[in-house]
Amino acid sequence: MTRFVVTGTDTGIGKTIFSASLARATGTPYWKPVQSGLEEETDSEIVARLAGVPVRPEAYRLVTPASPHIAAEIDGVAIDIERLTPPPGELIVEGAGGALVPVTRRTLYAELFARWQVPVIVCARTSLGTINHSLLTIEALKRRDVPIHGVVFIGDAVEDSEAIIADVSGVRRLGRLPVVAPLTSENLAAAFGANFDIADFR
């Protein structure tokens with residue numbers, strides 16, 4: 001069954017694009033529990049456009065483009081973490097920013113992942129600094145007993161960095177999604193098919 005949480009080592013690294021590629025390849029519904037910032041195309045809208053799969057409505061749509069805990073406070077919204085529990089069945093759940101981003105003043109995303117016990121896919125850059133960021137993220141998840149399905153790299157190939165992260169962490173490499181340009185549904189599907197084994201996500 002395709003049921004994963006997609007998190008990352010930082011914000012803006014390509015989690016949504018990878019989520020869209022995985023959702024399209026597997027035909028799996030997508031859910032972003034908390035969306036912060038509504039002025040531009042939202043992550044759910046991007047996935048709907050690129051993947052063509054069912055997209056569940058966000059539990060919280062926050063106007064302010066910031067970390068959920070701050071955005072909620074500015075918007076006057078109290079986030080109830082019980083509303084963020086993923087529903088049963090096949091689903092791709094995307095977090096916000098990195099794994100240690102606060103959802104509320106008391107709860108980090110990694111702590112939600114530990115509660116959910118849904119296997120996590122860690123998205124990481126291939127650019128300079130990714131070794132430290134990736135190993136810290138994986139270590140933080142492991143310390144909280146979060147099940148880690150594997151790591152996905154996004155960007156140009158940097159073989160040594162990708163290999164050392166997998167070797168040191170003991171987490172398997174699932175593949176690398178290159179920069180897709182122009183970013184169309186067809187091009188994204190081709191990139192996923194050329195760089196990942198769909199059996200790793202079933």
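Here the Cβ of each residue, glycine as well, is placed from N, Cα and C on the backbone.
Same-site candidate for Mg(2+) binding, as annotated by Swiss-Prot with Thr16, Asp43, chosen from Glu90, Glu94, Glu111: Glu94. Among the recorded positions Gly12, Gly14, Thr16, Lys32, Ser36, Asp43, the ones whose Cα sits within 10 Å of the Cα of Glu94 (Mg(2+) binding site) are Thr16, Lys32, Asp43, in sequence order. Residues Gly12, Ile13, Gly14, Lys15, Thr16, Ile17, Asp43, Glu94, Gly95, Ala96, Gly97, Pro178, Val179, Val180 are listed as the ATP binders, and the farthest two of them sit 22 Å apart at their Cα atoms. With respect to their backbone Cα atoms, Asp43 (ATP binding site) and Ser36 (substrate binding site) stand 10 Å from each other. Sorting the binding-site residues Asp43, Glu94 by the number of other Cβ atoms within 10 Å puts Glu94 first.
Geometry remark: Gly97 (ATP binding site) versus Lys32 (active site), CA distance 12 Å. Long-range Cβ neighbours of Gly14 (ATP binding site) (same chain, at least 6 residues apart, Cβ-Cβ under 8 Å): Gly8, Cys123, Arg125, Ile154, Gly155, Leu177.
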